[in-house]
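Novice: So TrEMBL says this about it:
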- Gly64, Gly65, Arg86, Asn181: substrate binding site (BINDING)
- 24-263: domain 'Aspartate/glutamate/uridylate kinase' (DOMAIN)
- Lys29: site 'Transition state stabilizer' (SITE)
- Lys244: site 'Transition state stabilizer' (SITE)
Amino acid sequence: MDKSIIRAKTLVEALPYIQMFNNKIIVIKYGGSAMIDAELKMSVIKDISLMKLVGIKPVVVHGGGKKISEMLVKIGKEPKFIQGLRVTDDETMEIAEMVLSGNVNKEIVQLFEKQGIKSVGISGKDGRSIIAKKKLLDGLDIGWVGEIDTIQTELITALIENDFIPVIAPIACDENNNTYNINADYVAGAIAAKLGAEKLIYLTDVEGVLRDVKDKTSLISKIKVDEIQRYKDDKIIQGGMIPKVDCCAESIKNGVAGVHILDGRVEHSILLELFTNSGIGTMLMP
Ligand SMILES: Nc1ncnc2c1ncn2[C@@H]1O[C@H](COP(=O)(O)OP(=O)(O)OP(=O)(O)O)[C@@H](O)[C@H]1O
Ligand SMILES: [Mg+2]
């Protein structure tokens, strides 16, 4: 078939999906190595720009764990994690805020603006959009690691209504103005629930949830919320995947209809998930 006809057909096939998601909020958690590789980064930005241009309202929440760790190593500090959460002393907190709110956040905004897409970068501190509180890990104090106390959507909604893509860094204050680093997975989940998002998409650096992390063919394409605990008990889901699946479960309970964990290393994985019927990655189900 003529190449241009195939292209036209592809567009027409996307039409029902474009109609379905028109005017709907879709929250994308952007993390892992899709944030490091320049080409992949551009491909993610283009996918989200396209979503915006066909009438979807994307909200981006980003991580940047790998960049924080790189910077810590540069200053001679060893990154430490317990159950996928970063142990965060004063110095680590300062670095995390500089890297996330400064470097990573503004770079994403700049890439959208380069595509002609209006975008504003904020952290949870702006407009007091996220109020944090200290997170204890089974009673253990791991420093300035926060959990979400409250989400206030006033600023985020104002940005969406004025046609901007909000780009949110997972940094927030508590009531006493202490700064906290919050795992971006929690932020994305809580914001999706609070905004009544249609979908929540976690872009990460693996195929999805794998039965065996070392075997990329072991993808679990559907997980029911009530199966998560068993996967955790069996040590199938570990480390950075724990907060992700926990947030997926929480968001589903809070009414987000479609929750997906996708491979950010696959070019256009967001478009494949949203606009075609070939489901990729792991879908979380009630
Ligand atoms: N069952 C599993 N399937 C897939 N990945 C798993 C599993 N268990 C643990 N993991 C780990 O979870 C990691 C993904 O979480 P990670 O926190 O590293 O990335 P991210 O959340 O996408 O990025 P960031 O933390 O920077 O926002 C994978 O790279 C993998 O090592
Ligand atoms: Mg993570």
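Even glycines carry a Cβ here, placed using N, Cα and C.
Just so you know, TrEMBL annotations are computer predictions that nobody has curated.
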Novice: Tell me the Cα distance separating Lys29 (site 'Transition state stabilizer') from Gly65 (substrate binding site), rounded to the nearest angstrom.
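Specialist: So the alpha carbons of Gly65 (substrate binding site) and Lys29 (site 'Transition state stabilizer') sit roughly 13 Å from each other.
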Novice: Can you list, in sequence order, the residues of the same chain other than Gly64, Gly65, Arg86, Asn181 whose CB lies within 8 Å of the CB centroid of the substrate site?
Specialist: Gly63, Ile68, Ser69, Ala96, Val99, Leu100, Pro170, Asn183, Ala184
Novice: Out of Lys29, Arg86, Asn181, which recorded positions lie by ligand 1, with a C-beta less than 6 Å from some atom of it?
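Specialist: Among Lys29, Arg86, Asn181, near ligand 1: none.
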Novice: I'd like the Cβ neighbour count for Lys244 (site 'Transition state stabilizer'), meaning other Cβ atoms within 10 Å of its Cβ, all protein chains included.
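Specialist: I count 27 other Cβ atoms within 10 Å of it.
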Novice: Give the number of CB atoms, excluding that of Arg86 (substrate binding site) itself, located within 10 Å of its CB.
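Specialist: The answer is 21.
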Novice: Non-local Cβ contacts of Asn181 (substrate binding site) (under 8 Å, 6 or more apart, same chain)?
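Specialist: Result: Arg86, Thr88, Thr92, Met93, Ala96, Glu97, Leu100, Trp144, Val145, Gly146, Pro170, Ile171.
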Novice: Please report how many Å separate the Cα atom of Lys244 (site 'Transition state stabilizer') from that of Lys29 (site 'Transition state stabilizer'), as a whole number.
Specialist: 10
Novice: Quick one: Cα separation, Gly64 (substrate binding site) versus Lys29 (site 'Transition state stabilizer'), in Å?
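Specialist: Spelling it out, the Cα of Gly64 (substrate binding site) and the Cα of Lys29 (site 'Transition state stabilizer') are 11 Å apart.
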Novice: List, in sequence order, the same-chain residues at least six positions removed whose CB sits under 8 Å from that of Lys29 (site 'Transition state stabilizer')?
Specialist: Val61, His62, Gly63, Ala184, Asp185, Val187, Ala188, Leu200, Ile201, Tyr202, Leu203
Novice: Using DSSP with the three-state reduction, classify Arg86 (substrate binding site) as helix, strand or coil.
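Specialist: Looking at the DSSP assignment, Arg86 (substrate binding site) belongs to a strand.
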Novice: Which of the listed binding-site residues (Gly64, Gly65) has the least company, meaning the fewest other Cβ atoms within 10 Å of its Cβ?
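Specialist: Taking Gly64, Gly65 as the binding-site residues, the minimal 10 Å Cβ count falls on Gly65.
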Novice: Need one number: mean pLDDT over the domain 'Aspartate/glutamate/uridylate kinase' (24-263).
Specialist: 95
Novice: Look up Lys29 (site 'Transition state stabilizer') in the DSSP assignment and report helix, strand or coil.
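Specialist: In three-state terms, Lys29 (site 'Transition state stabilizer') counts as strand.
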